[in-house]
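**Student:** Copying in the features that Swiss-Prot gives for the protein in this structure:
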REGION    36-56  region 'Disordered'
DOMAIN    126-208  domain 'S1 motif'
REPEAT    210-243  repeat 'TPR 1'
REPEAT    307-340  repeat 'TPR 2'
REPEAT    342-374  repeat 'TPR 3'
REPEAT    382-415  repeat 'TPR 4'
REGION    439-458  region 'Disordered'
REGION    464-550  region 'Disordered'
REGION    569-635  region 'Disordered'
COMPBIAS  626-635  compositional bias 'Polar residues'
MOD_RES   S671  phosphoserine
REGION    690-747  region 'Disordered'
Amino acid sequence: MDRDLLRQSLNCHGSSLLSLLRSEQQDNPHFRSLLGSAAEPARGPPPQHPLQGRKEKRVDNIEIQKFISKKADLLFALSWKSDAPATSEINEDSEDHYAIMPPLEQFMEIPSMDRRELFFRDIERGDIVIGRISSIREFGFFMVLICLGSGIMRDIAHLEITALCPLRDVPSHSNHGDPLSYYQTGDIIRAGIKDIDRYHEKLAVSLYSSSLPPHLSGIKLGVISSEELPLYYRRSVELNSNSLESYENVMQSSLGFVNPGVVEFLLEKLGIDESNPPSLMRGLQSKNFSEDDFASALRKKQSASWALKCVKIGVDYFKVGRHVDAMNEYNKALEIDKQNVEALVARGALYATKGSLNKAIEDFELALENCPTHRNARKYLCQTLVERGGQLEEEEKFLNAESYYKKALALDETFKDAEDALQKLHKYMQKSLELREKQAEKEEKQKTKKIETSAEKLRKLLKEEKRLKKKRRKSTSSSSVSSADESVSSSSSSSSSGHKRHKKHKRNRSESSRSSRRHSSRASSNQIDQNRKDECYPVPANTSASFLNHKQEVEKLLGKQDRLQYEKTQIKEKDRCPLSSSSLEIPDDFGGRSEDPRDFYNSYKTQAGSSKTEKPYKSERHFSSRRNSSDSFCRNSEDKIYGYRRFEKDIEGRKEHYRRWEPGSVRHSTSPASSEYSWKSVEKYKKYAHSGSRDFSRHEQRYRLNTNQGEYEREDNYGEDIKTEVPEEDALSSKEHSESSVKKNLPQNLLNIFNQIAEFEKEKGNKSKN
């Protein structure tokens, strides 16, 4: 109930309306509380008395008051109140949403006096007025009003109503200029009502927007053009030129009147609900009628009856087999009524027969939504779901098939086809899971077997590789022994044949001395070898590998020193006496000094692995060196035999010399033969490192003195110099000097290992003596 509107009505009509409302609306619970407060004095402004000069027509309209009292529950209801916000009328005039007409009094020929009184009665502060400047004074300017810019539309152009705009209400357009200098007489001004004197009919206006209400504050005040005048004023001017036009003709000629959305626009502007419009006629109130009596429900019934006719025609086509025509009729029925259940069920059945199960399921589900109690729709939907589940089961989409079966059971729990299909699917899924598990176990076993077989293969390959290495070692050792034997036999045969051809006086001169030395050296060497075999003990396990590695380093160090000195002597010897240089290359097969220290290192490695054997490539190198020096060998084979025998005697003499100065410590190697050979070679390198250059220089001097003598005498002198020129004191000093230099060059850990080995050998020797 709109209490403000009721209070205004009671203030206007007085106590007579109040008594009528009490008698008519006594049963209305809303009016009981309101009428009690309405009887009190009104809180609003006091009722306005008729103005002086107005004719007294105080006739109480009892019929209007009776009408208000009878329709009070409808007139003062909140549904009549406008909910639309107040908008600017100036902006709406520019758009022809509805027919905008001239003021009504222009067609009614109302006297100017009455129109003037009505204007001053209805005008309020904040209303917008439009006029022309008539005069400009120092305190402001006067303007004659021609129309209203807001509120009620009035025809005031001929009433000559003036308004004053004071200087304080005129905004300045420059900082130091006169604000009134901007305006001229005849300018059209839009201003807001600031003050009203209804008794003297005087108005004061302002050009500041602060004088306007909030909903009109956006309107521009000041000078405007004729095009900005309100639309109703322009049409009233046109009507004055042609006064014969009627109100109806003007309304129909306007563009907004023929607008198709004019009703919706006006209802929205007035705040009236279109779906539940209020009416003052009791019989037309919407609450007094049922929903089936309204147009929307009647339209649905009508469209449903038309759709059923199309469905019947489509069913007839379907029975005959004309599926295309049946589908067209079903689609036509659904165009008329989109939610027609029968049309949806019939079209779904047609889709199912064609094989489009998904479309059929959609139609059946939509039919069940519109009518949940439709039996055929439920039945057909369950059957279609089971059929679709079977298709998915064939495609091995078991989870989707299971969901379709469950949907069918949710719609109808007694549907046996869906229940049986679901049980079969569960059994099949269990079997498939078991098979997958078994297959996974088999794959795991196969993987483990593959891993085991690969490991076994690797083991076999390693064993085979070890076996092949052993075979290769045996073959290399046997080949080296055979090659050494062959080389010795070949050298002995060649030397014997060449020795026969040698001259007799040379052989008789040197044979006696050499034979005596050979026998003595052989006897002493055999005795020393026997003693070494008796005194040799195995090396401790924890020092053998490291000692061998360090021993090889020692041999490399000694070999470098010997190689530098020996290469110099070899170059000089080869340049001056090719025969002696070729004879010096022969001892490589018998453990003598070689030209390259790497040969000594290789011979040491092979002799440590297998006793009494040498590398086969030494003999090959021996024969290759012999082939390289064949130019000097082939000249005289007797010279070769003589040099070979002389070298044997040289070796035997050195053995005797080494046995005299040999220390008591035992040589450390894996076998006695290899240890003896390695010790001899090391001692030989030590000795040659200090005395080789001196011996060779002495030999070179003798070689120069005896150049005119025979070739055989030079060789004898060379052999005898090697055997006899080294005294015992020089040998001892050179040996000590070489050992001290090696010890200085060796690292501390290697020296410690040598000391431990020497102590170990001493302990073994003491135990054997005891």
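Just so you know, glycine gets a Cβ as well, placed from its N, Cα and C.
The structure displayed is predicted, hence computed values, not measured ones.
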**Student:** Could you give the residue numbers and ranges of same-chain residues that sit at least 6 residues beyond the repeat 'TPR 4' (382-415) on either side and whose C-beta is under 8 angstroms from one of its C-beta atoms?
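**Tutor:** Long-range Cβ neighbours of the repeat 'TPR 4' (382-415): 348, 352, 357-358, 360-361, 364, 421-422, 425, 428-429.
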**Student:** With DSSP, how much of the repeat 'TPR 1' (210-243) is helix, how much strand and how much coil, in residues?
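**Tutor:** Going through the repeat 'TPR 1' (210-243) residue by residue, I get 19 helix, 3 strand, 12 coil.
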**Student:** DSSP-wise, what's the residue breakdown of the repeat 'TPR 2' (307-340) into helix, strand and coil?
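**Tutor:** Counts, helix then strand then coil: 28 helix, 0 strand, 6 coil.
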**Student:** Taking helix as H, G and I and strand as E and B in DSSP, count the residues of the repeat 'TPR 3' (342-374) in helix, strand and coil.
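**Tutor:** Per-class counts: 27 helix, 0 strand, 6 coil.
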